[in-house]
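Marked as transmembrane segment by TrEMBL: B:29-50, B:113-130, B:136-155, B:167-189, B:209-232, B:253-271, B:283-304, B:311-337, B:382-401, B:421-445, B:466-487, B:572-594 (among others). According to TrEMBL, the domain 'NADH-Ubiquinone oxidoreductase (complex I) chain 5 N-terminal' annotation covers B:64-114. Under the heading domain 'NADH:quinone oxidoreductase/Mrp antiporter transmembrane', TrEMBL lists B:130-412. Taken from TrEMBL, the feature domain 'NADH dehydrogenase subunit 5 C-terminal' covers B:517-640.
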Amino acid sequence: MFNYFSCMSTSSLLFLISVLGIFLNQKNILVMLMSLEMMFLAISFNFIFSSIHLDDVVGQIFSLLILTVAAAESSIGLAILVVYYRIRNTITVELMNFMKG
Amino acid sequence: MYLLILILPLVGALISGFGGRLLGYKGANIFSIFCILLTTFLSFLVFYEIGFSGTTCYIFLSSWVNSGILTISWSFLFDSVTSIMLIVVTSISSLVHIYSVKYMETDPHRPRFMAYLEIFTFFMLVLITADNLVQMFLGWEGVGLASYLLINFWYTRLAANQSAIKALIVNRVGDFGLSLGILTIFWIFNTVDYATIFSLTPLFENYFLYFLGIEFHGITLIGIFLFIGAVGKSAQLGLHTWLPDAMEGPTPVSALIHAATMVTAGVFLLIRFSPLIEFSSTILFVLILFGSLTAFFAAMTGVFQHDLKKVIAYSTCSQLGYMVFACGMSCYDVSLFHLTNHAFFKALLFLSAGSVIHAVSNEQDMRRMGSLSKFLPLTYSLMLIGSLALAGFPFLTGFYSKDFILELTQTLSYSNLNSTYIAFACWLGNLSVFFTAYYSFRLIYLTFLNNTNLNRISYKLVHESTFLMSLPLIILGFGSLFVGYLLKDLFIGLGTDFWGPSILILPNHSNFVEAEWLPTLIKWLPFFLSIFGIILANIINLTSISSYIFHKFIKINSFFAFLTNKKWYWDILYNRLIVLPTLSFGYIISFKILDRGFIELLGPYGLTKLIPNWSQLILKLQTGQITHYLFFMILGLCFFSVSIIVNFTNYFHLFGIFFILFFFV
């Protein structure tokens, strides 16, 4: 049922798509956050597939940990986003350039 | 007694220099004259003891430098050459001291002047009494320094500054040669002591030195370097340009330094090194070549000079040429004889010229003088004596040395020895006799005998100088009359043993005996030539033939008149070809391109400019846009993955540091 290489390629593809989602998206910060979540997802998938393939439980433990970390991270990120929106009334990425060097 | 000769002028210089305020000008004058007179007296005693009693005195004072094989000591050598030079230096110097008391009477800085004269005498004595080269070099540089101070005595005058700097720098060119000579001597002989060098020289006759793959004959190389030193100090052709310009100093200075003493240091060096120079015929040839060319060039240049002192300066230059080519003919004793005689009559000429200048309200241009003979009978007669002695009039001082030099040139050109280049010296020397007689009498005519061109106000003020100025003149006048006759047998008499070991003439270079049996007509030749010069001067100044000839061939005559008046354009050529290119090289290449350009660009200035530029460039990468930051992150990630795959293991850390810097700048 689990063809290892197809699973790996799926998760890698997912990772690549999410990287491209961050990379190519120039406008919306929500999409970037979602892509970030997708990266976590891809990595979790990878851990789980590897754990099954290698018959080792550590990978699944890690994926559970990543799940919690990702949840915490997305909640903090969304909270920051909300604070940001409350102050500036916009969440457009292009206008976030106060930290110019 | 021997050391007192050296110490007294030094003490005199220090006390009249530093204590001039305490002593006052009278005290400084009296003290320095006392010192120099005592020195003169002692040097006459030395002359008696060394010269007549035939001893040689070495004095070892203390060690100076002891380093491995190099040992230099403070020690003094008094032999016959030294004793003669002592007489010349101290007597001329003391007369000049006495003379300048009156001459510098109205100058505000008399103690300083006396101190400079005295320090000059001291360094000259160090030069002539040294028994090793390094101590001699001390005196050599010291007289250069003293000449700078004395030429620049009136330091508020621009011309004096310029000519003093010129004298010092042109001398320094020669001094560089001399110091190379000392180093070469140390390289070959492993010592700088005269005695060791001279006794070892015959053993090194076939010694060759290899430098840059070229083979040099050791003794010739040393001789060339020493000769370069002598060229600078004795104003031979090539480095002669400083001597006429040095006339900017006060006249007693010109008499002391540029006639009698300092310029003779170069000739003295050649005479002192006769045991070395004798072993290289190349050097003798070079000496003859340069000496005779200098004699001829300077004598011809003197003909059209208008400055009273410059005529005499060129005459000095010309007579130094005689001395040098006498050295080149291996007649060192004749050269030293001429040096002694020349010191007397040239000091006489200079001091008389000073007297004339003093009388006509400091006018130096001969064209604005004339018919002074009635007003200055004493100066006139003394100057006539000096000029006749210079022209080699029979039985005056110049005759005994100068004519003998010319006879010696004739000897060699009539024998089979090295006839080609001696004939060269012979012709040039004889021509110079003609020119010498001509310009001496031109000087007499323009200054004393022709119609006056002086203005009425200064004409009323013309006066004979007082006793203190006349006394040295009279003594020098007697010297110019009798010194040559009195010292003839001692110096150049046939078979004189006066010189002892201090001058070496190889037997196959000695031609004294042949000179005695020349054809009579040949012996008369220099006399005829000088009489011809005197007659020509008479004709040109007494009749109007000369102006007729001048206007008939005005083109060619003015060409030659300009050529000689402008000193054959030597100064202009030097300025155009050497001085200005060197100065512009110093400004453009050394200063603008290297110092202020290249080195500063690589150094502080370039770095301070470079770092802000770079940081500005890197600052522009931080746009504040998240997307750009992400781009760099992912680019970095890709780069890392690629580098891991391709395995740049060696550069990995470098890349890492680079990227870390990149993101944290």
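Including glycine, each Cβ sits where the backbone N, Cα and C put it.
Whatever TrEMBL says is automated annotation, not expert-curated.
It should be emphasised that the depicted structure is a prediction, and the values quoted were computed from it without experimental measurement.
Residues 241, 566 of the same chain sit 6 or more residues outside the transmembrane segment (B:572-594) yet have a Cβ under 8 Å from a Cβ within it. Contact counts against the transmembrane segment (B:253-271), taken as Cβ pairs under 8 Å, peak for B:311-337 among the stretches B:283-304, B:311-337, B:421-445. Where the transmembrane segment (B:421-445) meets the stretches B:136-155, B:209-232, B:283-304, B:311-337, B:382-401, the count of C-beta pairs under 8 angstroms peaks at B:283-304. Comparison of B:136-155, B:167-189, B:209-232, B:466-487 by number of C-beta pairs under 8 angstroms to the transmembrane segment (B:382-401) places B:466-487 first. Listed as Cβ neighbours of the transmembrane segment (B:466-487) (distance under 8 Å, sequence separation of 6 or more from its ends, same chain) are residues 91, 95-96, 98-99, 101-103, 337, 340-341, 344-345, 347-348, 351-352, 354-355, 358, 378-379, 381-382, 385-386, 389, 395-401.
Below 8 angstroms of C-beta separation, residues 109, 112-113, 116-117, 119-120, 122-128, 130, 161, 163-165, 167-168, 171-172, 175, 178-179, 182, 229, 233, 246, 248-250, 253, 256-258, 261-262, 265, 269 of the same chain, each at least six residues beyond the ends of the transmembrane segment (B:136-155), sit close to that stretch. Beyond its flanks by at least six residues, the transmembrane segment (B:167-189) meets 70, 133-134, 137, 140-141, 144-145, 147-148, 151, 196-197, 200, 204, 207, 209, 218, 221-222, 224-233, 239, 241-243, 245-246, 266, 269 of its own chain at Cβ-Cβ distances under 8 Å. Per-class residue totals from DSSP over the domain 'NADH dehydrogenase subunit 5 C-terminal' (B:517-640), listed helix then strand then coil: 110 helix, 0 strand, 14 coil. Sorting the domain 'NADH-Ubiquinone oxidoreductase (complex I) chain 5 N-terminal' (B:64-114) by DSSP state (H, G, I as helix; E, B as strand; all else coil) yields 29 helix, 13 strand, 9 coil.
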